[in-house]
């Protein structure tokens, strides 16, 4: 059986559903197109279990002129509304609105479609060669099957639905009627005007982070962060496609690199093509502009201020800064043993233990006799006339110290 291209609808993956085996009904010239009002072949199918039946809404000619799905009228390449796609590609809509001009324009487009190979869009969209980074960021990468769910049961909202679980519609609370997404028009979506879904996506695109080039034209260096520990010069070959590179400096400790281009134009192109899109060795890298030497010298280190200029809040639970040490008087002597400064330092008369190999004397016989000039002789204590009067004071016997009484008692027990 020979089948022509018109025997199959032009649909996106979301409208087809996740089941690869679906049954469609085909009605030739069953409805009129909601854009050009000409009769066309209508296809009807169910995209999955617990989903609503869907059908084609516009003819294939109107679908090919805008490269959109015949059911949801979203772009087949990006899955975005026509208004968002035309804004990203800077395409101006030229489809006429009056009936006579619309019919004439449609006939010319059908002739152009018949002469093309069918692999590329026709009209203004076919002439747009460059892609948009905004469209790549907003585009869906996977189908959104929740769009095929049944509509909300109006009887359940009023409390009058008697079907229960057998009701094919959703028993959920409807959205706010003042929500702009609740008022959508298929013609506005096709012509790319007053589309609330497109307005929502364009607002999201305007709030996305972007990397603006610095005003100083002498800056041609890009900062690449988050490289990891094992990065080499070969991993940064991605940047050679944008222009001549003067130097590549890799800082292993900071896991970053500085790439200096020979021209400012090459650096701007590298920043535009790599910001929020560069992945090397499974890591999404951070791309920033470098700073000039003059600006770097003017920046001072401020407490509580980060490198980007934002003020950092103190971390709770951490101890505060230590107080500064007290000022030292150079003339005051250092008192390391907490001795009373009013009394003169006492001379400690401590008998040294005998050297190894010499047995200690028996009790009552006094210390062993050494030759006064011998090398093993202990130092002689000072004579009694040089000793200061009063009791010898030891720091461990100070009653103000902790454990002084216990140490004193144990010494007496020995």
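Each Cβ is built from the backbone N, Cα and C atoms, and glycine gets one as well.
These come from TrEMBL:
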DOMAIN    147-174  domain 'C3H1-type'
DOMAIN    220-292  domain 'RRM'
REGION    387-414  region 'Disordered'
ZN_FING   147-174  zinc finger
PLDDT averaged over the residues of the domain 'C3H1-type' (147-174): 91
Give me the DSSP three-state residue breakdown of the domain 'RRM' (220-292), ordered helix, strand, coil. 21 helix, 26 strand, 26 coil
What does DSSP give as the helix, strand and coil breakdown of the zinc finger (147-174)? 9 helix, 2 strand, 17 coil
